[in-house]
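Trainee: Here it is, the structure, as structure tokens.
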């Protein structure tokens, strides 16, 4: 007798909408004292505990933000949470709750939702946030995920995009461009697979940049690191669309310009090697690639000594008067290159 | 020379993602003192002003929750907000902010987004809520809208689904079944139109039920009405999936049963007439139709005299011990009919 190697999959209609939500959310305990009422009523209730409430939302669409051909559902669930927590980190807020909404075609069985929610659960545990609500529906095509994340913070500790002053130092966490080069490898190997499903994908030696793309982390650790150094950024943003685009956002909201030094941009060796292998300029990946989810912020020049040797941070430039514009000072030549928002745009990059 | 009667439509790519969001949200002023920071940063900031924060989210998908063949985009925007505010009303919270996320295929030009946001703006004005954030992306197919709504309330005034006690009175606002019968008329006329685009749709005499379907309102007025009568409901839910389904939710969360009296269910004459015209039992429309967005709540039997003659409210039954179950007492015969959740389910009803 032949064994059935394909596991039995459960259509969502077997559970129904309420049954599915109940099934997916029953293993999410409420850990934070601010989570007073979670899933199961008309709305959730949060106790702000004397703080301000910081709230952000992101929507991810299949074929635009992710390709299920190479992004496993569990990673997708994790990343969808991270993207939102990164926005809260960019406000210097402490993430506390998320709400998850899904629209999925009926090609997705219950087991697919379970995978997705396993990733969401992992992110909730890792970042100590509670799932307190959401909605699930069928859709005519593909998978769309919308997550709203809530954080709390004292008013005086919230950092906006708008507080940078001329001469402030421009600082970035981690390294840039990795997520973008990871995506190039995934797309190359996926194309090879589509052409010949018997070919083994060549993923060896790309582990760091693949992880940057598939399982990025939100820099929620930076808040406490800066607090310990007694630094409050004057402005902050997360790098979701690429360094250049984010610098222009800080410039726009703070009414200053920026000078960025090409030679200072932090880049990982694996990212640089992969860029060279693919005949791609690694600086372009860092400037315009996006999805690194590092933090970009400005600090008063007085804090230079505190931050200059810290391994988490790189000073990459400084703010200037608004009328001086936004430029990158080229390595070697010192040529000034105007910064433009060539960053990732869900509409412009569609189908590319 | 021939006049071009088809107005020039603008592809979204002409504005880009950031340009589109900026364009759509620039006419949304912040009215509430609790809205400290709105659209334009990594996240929004809310000042809870000493209250608890009540938060809910809903996702609507084209072809499942709405059909753009007969639901104008402006109505859709309005209704998408209302659906969420209704959830806040069901918690007895005061709605204060919304975040709107959209995934739309590139068949939608900028003008379509403008229509949708015109409806969202109208709802914001009518209900005094502020648009404080959101996200917009392209998608491979159709339109998906996800809205998160935030409200504030004192802890002791928040009403959950879980507080009903045996002998509590079961009360409903307004009348039921209208939205469902309105949908039947829209679907009938849309089918006629598809068969013969020259036929004029017959919408006369259906104005009330069409409005119930296309432009429902959230009963945010009930909170103050009850406050003036010095009544705090013991449990509450809004009617989005049909009376029967909502009664079962209250039963499940409050650990009580309910006896509902068929003859008490409030129904509008136009709804009843339309049901008869279409050979449909109007009580089924009220029990299982959904989308009426009225409030269903329980109050202590002591409040009977306060509420019995109020035009906004109808006492339709009472809570019993859990082991007595959930039944409708049939008109005339007094037969007990077991209540089942035949309500609208986004997965079960898909494609029907």
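Even glycines carry a Cβ here, placed using N, Cα and C.
Bear in mind that TrEMBL entries carry predicted annotations, made automatically and left uncurated.
Quantities reported herein were computed from a predicted structural model and do not represent experimental measurements.
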Trainee: Among B:221, B:230, B:238, B:241, find me the residue TrEMBL lists at the same Mg(2+) 3 site as B:42, B:87.
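Mentor: Checking B:221, B:230, B:238, B:241 against TrEMBL: the Mg(2+) 3 site match is B:238.
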Trainee: Within 10 Å of residue B:238 (Mg(2+) 3 binding site) (Cα to Cα), which of the binding-site residues B:57, B:65, B:134, B:291 do you find?
Mentor: B:291
Trainee: Within 10 Å of the Cβ of residue B:42 (Mg(2+) 3 binding site), how many other Cβ atoms can be counted across all chains shown?
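Mentor: There are 26 such Cβ atoms around residue B:42 (Mg(2+) 3 binding site).
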Trainee: For the domain 'PurM-like N-terminal' (B:40-152), how many residues does DSSP put in helix, in strand and in coil?
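Mentor: The breakdown for the domain 'PurM-like N-terminal' (B:40-152) reads 35 helix, 46 strand, 32 coil.
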Trainee: Measuring Cα to Cα, how many Å separate residue B:117 (ATP binding site) from residue B:291 (substrate binding site)?
Mentor: 21
Trainee: Filter the binding-site residues B:117, B:240, B:291: retain a residue only if its CB is under 8 A from a CB of chain A. Output in sequence order; output 'none' if empty.
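Mentor: Listed binding-site residues meeting the cut-off: none at all.
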Trainee: Over all shown protein chains, what is the count of other CB atoms within 10 A of the CB belonging to residue B:134 (ATP binding site)?
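Mentor: Result for residue B:134 (ATP binding site): 26 neighbouring Cβ atoms inside 10 Å.
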